[in-house]
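Engineer: Take a look at the following structure, please.
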Amino acid sequence: MLKLWKVVRPARQLELHRLILLLIAFSLGSMGFLAYYVSTSPKAKEPLPLPLGDCSSSGAAGGPGPVRPPVPPRPPRPPETARTEPVVLVFVESAYSQLGQEIVAILESSRFRYSTELAPGRGDMPTLTDHTRGRYVLVIYENLLKYVNLDAWSRELLDRYCVEYGVGIIGFFRAHEHSLLSAQLKGFPLFLHSNLGLRDYQVNPTAPLLHLTRPSRLEPGPLPGDDWTIFQSNHRTYEPVLLGSLRPAEPPVPGPVARRARLPTVVQDLGVHDGIQRVLFGHGLSFWLHKLVFRDAGGYLTGKGLLWDLDRYILVDIDDIFVGKEGTRMKVADVEALLTTQNKLRTLVPNFTFNLGFSGKFYHTGTEEEDAGDDMLLNHRREFWWFPHMWSHMQPHLFHNRSVLADQMRLNKQFALEHGIPTDLGYAVAPHHSGVYPIHTQLYEAWKSVWGIQVTSTEEYPHLRPARYRRGFIHNGIMVLPRQTCGLFTHTIFYNEYPGGSRELDRSIRGGELFLTVLLNPISIFMTHLSNYGNDRLGLYTFESLVRFLQCWTSLRLQTLPPVPLGRKYFDLFPQERSPLWQNPCDDKRHKDIWSKEKTCDRLPKFLIVGPQKTGTTAIHFFLSLHPAVTSSFPSPSTFEEIQFFNGPNYHKGIDWYMDFFPVPSNASTDFLFEKSATYFDSEVVPRRGAALLPRAKIITVLTNPADRAYSWYQHQRAHGDPVALNYTFYQVITASSQDPPALRSLQNRCLVPGYYSTHLQRWLTYYPSGQLLIVDGQELRTNPAASMEIIQKFLGITPFLNYTRTLRFDEDKGFWCQGLEGGKTRCLGKSKGRKYPDMDAESRLFLTDFFRNHNLELSKLLSRLGQPVPSWLREELQHSSSG
């Protein structure tokens, strides 16, 4: 019996183990099936979010307030913009203060020029005038108390400037825990009550500064924070702009003020008290309505000089039509809702039309219901605008062959023709903005040949973030407009699952980022996706709510234009953006990800020889090319061997064209690529363009006596048969007057202007740090080139070090230094170099010595500040000037 039990017991244990394993397997299978069912089954739909309703005036909802009939005093004259630069002076507490950054962000978004200064202490007020012209059109104080408590000398200086030039002041009072609860503002008939909790905000409809702001609505509910300041005054110079009420738990404000009274948190000083107009804020810019009024304040105080008109153009793109996985696409009901909302929006925004971007390959790749939605879109195709993506939604930068890229486009065009989709809008968008910026030349060429594209848009120029820096440009005849995001992406399809919660989306619409995008940009192209119009239809919710909110709170005139007229409108407003500013794609990870892997930033030069002309730059180019670690650009067949990329029409050909002039270095860390274009030095645009594309490049310039340089250029032009140089003496050229022929004045400028050395160097130093700039003594280069080349090699950090004392040899016949060869032979520059000219006449020498005296003095001061040695020729000129 015992033996039998020993046999049966293990068998029962084995069966128990098997049963447990089967139960575990069954549980896992059930969980997997449930997960699959949940993921593939349609979600139980919650009610769709309803857009913001119509505005309703709530002025009667609050109690009495201090809003009184506007006083018609004599207002101070508007800013004399003809006598002031359109620059805003912003006094900040620190470079990192939050309010200061918010002020700057709004100015930058509005494309206004500004200068920030740390709020001065005693006697360090920045210079406010330049001769008889004011430097600033508006003054902003992040901390109003810094203005009020200025020392007497600085305060009088600033106030006198504001009165004389009609300049206004915006100031912010931010209460903190140590602020007095009640106090009079020093020197003003104005009382402040601080650290209050407020509610129920309202706009005073009689405030003179209102332009963008529409005073038709009360904002109910508590205002954020408990650190609000309200203003009180009986003086007629103060007009309330924004008003709120005390929260029930707040103690009453001193004075005869009703409990439910409207209390001013923003006041406008009409200038009756002291002749200076001001707008004072009792809080920062964290509350959205303050941003709106801040823009109005800046516009009013500058006579609308810092204010766009009320027109705002919006275009809503719906990318990825027919693209998307099952369960995220539009169904028939969604298309019907799209049409209904479009019609509603047209009553609010003239000509509003959704702009649909399609990839035909994915037509009918959804569920049966979603395929019916595709058909519904095509049935109503004439009611929308349409633009092409790529046929297979591929990124264009992956196509290196233009014909293959064009074939993909033709497939999409054939699909459009077969289904009656209009193809004449002249607009296209590349998937993921690939190839638009950084430029993929093949994309632009294929777009033009297949579709006749005239305009596109991208969020990547010059960078994705911050969005306020996005700009437009024109390349290869195609207008590239800035594109904006609206917080809706392919994965944001459910209201209650919005990242950060649905309140984040509503906050963006109601005074947040999306609202400010339209407020601060005359033209906004918004990117949305097909999936945003299925499911919870967040695209419809967002834009209907946005439009209604804008019309509640602003006087903006919302409009829609087709892409090509919209592009023309954009560049009419911002003609300065027509020319692009190329940047290094490898300095931005997003740019590198959408840039062809066949391209490399290693082909960009490490240093530039920038001129000026006739100073010895060709000799340096020749000498450097003898170094085994240094490689020059290939010669250009069209611009006298120099590339001349940064200062002429070649710049618009793009960086692919530029990089084709350089080989791929065998070792990017030790090989030095460079180019020499002597016309770069005195160009107004080259330093900015160069620093954008080559921010770490070293810059080499060669300076000789500017009088000798001018004479050399004149003789150079005579040698090349310039009729002006042949028909006029050098003295006639350099002394030409404004009444002389334009051709003569042009030659005069090319002789004289490059010699304004300090002016041009200051421009370079605006964009490059002084440590990246080397100034070579042109006279020493001529007499002792080996010493100059030693300095240049050390500056560039080139290894191995080449001994130019052994490499170079003076050629008596040529009269300058050449490469020494075996057998006593030399290899020299071409016949055009080293020409012998007659000596300059004494009259011209005397004139030029006097003409360049101040320029040379400024150059000496600049070199002293930079810690760079003074060239031998400059010392001689300064000694000669002082002795004369």
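Glycine too: its Cβ is placed from the backbone N, Cα and C atoms.
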Engineer: Identify the disulfide partner of Cys828 as annotated in Swiss-Prot; candidates are Cys751, Cys818.
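Structural biologist: Cross-referencing Swiss-Prot, the cysteine bonded to Cys828 turns out to be Cys818.
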Engineer: Which of Asn667, Asn727, Asn803 has the fewest nearby Cβ atoms, counting only those within 10 Å, among these glycosylation sites?
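Structural biologist: Each of the glycosylation sites Asn667, Asn727, Asn803 was scored; lowest Cβ tally within 10 Å is Asn667.
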Engineer: Please report the Cα separation of Asn727 (N-linked glycosylation site) and Asn667 (N-linked glycosylation site) in Å, rounded to an integer.
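Structural biologist: Cα-Cα, rounded: 52 Å.
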Engineer: Pop the mean pLDDT for the region 'Heparan sulfate N-deacetylase 2' (41-598) in here, whole number is fine.
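Structural biologist: Across the residues of the region 'Heparan sulfate N-deacetylase 2' (41-598) the model's pLDDT averages 91 on the 0 to 100 scale.
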Engineer: Expressed to the nearest Å, what is the distance separating Asn351 (N-linked glycosylation site) and Lys614 (active site, for sulfotransferase activity) at their Cα atoms?
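Structural biologist: Answer for this pair: 59 Å between alpha carbons.
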Engineer: Out of Asn401, Lys614, Asn803, point to the one nearest Asn667 (N-linked glycosylation site) in space (Cα versus Cα); all of them are recorded positions in the record.
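Structural biologist: Given the candidates Asn401, Lys614, Asn803, the nearest one is Asn803.
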Engineer: Rounded to the nearest Å, what's the C-alpha distance separating Asn401 (N-linked glycosylation site) and Asn803 (N-linked glycosylation site)? Just drop the number here, would you?
Structural biologist: 46
Engineer: Give the helix, strand or coil assignment DSSP yields for Asn351 (N-linked glycosylation site).
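Structural biologist: Asn351 (N-linked glycosylation site) sits in coil per DSSP, no helix or strand.
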Engineer: As a test of the contact definition, list every same-chain residue at least 6 positions from Lys614 (active site, for sulfotransferase activity) whose Cβ is closer than 8 Å to its Cβ.
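Structural biologist: Within the chain, Lys614 (active site, for sulfotransferase activity) has Cβ neighbours under 8 Å at Ala678, Thr704, Arg709, Ser712, Trp713, His716.
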Engineer: Have a look around Asn351 (N-linked glycosylation site) and count the other CB atoms within 10 A of its CB, chains all included.
Structural biologist: 10
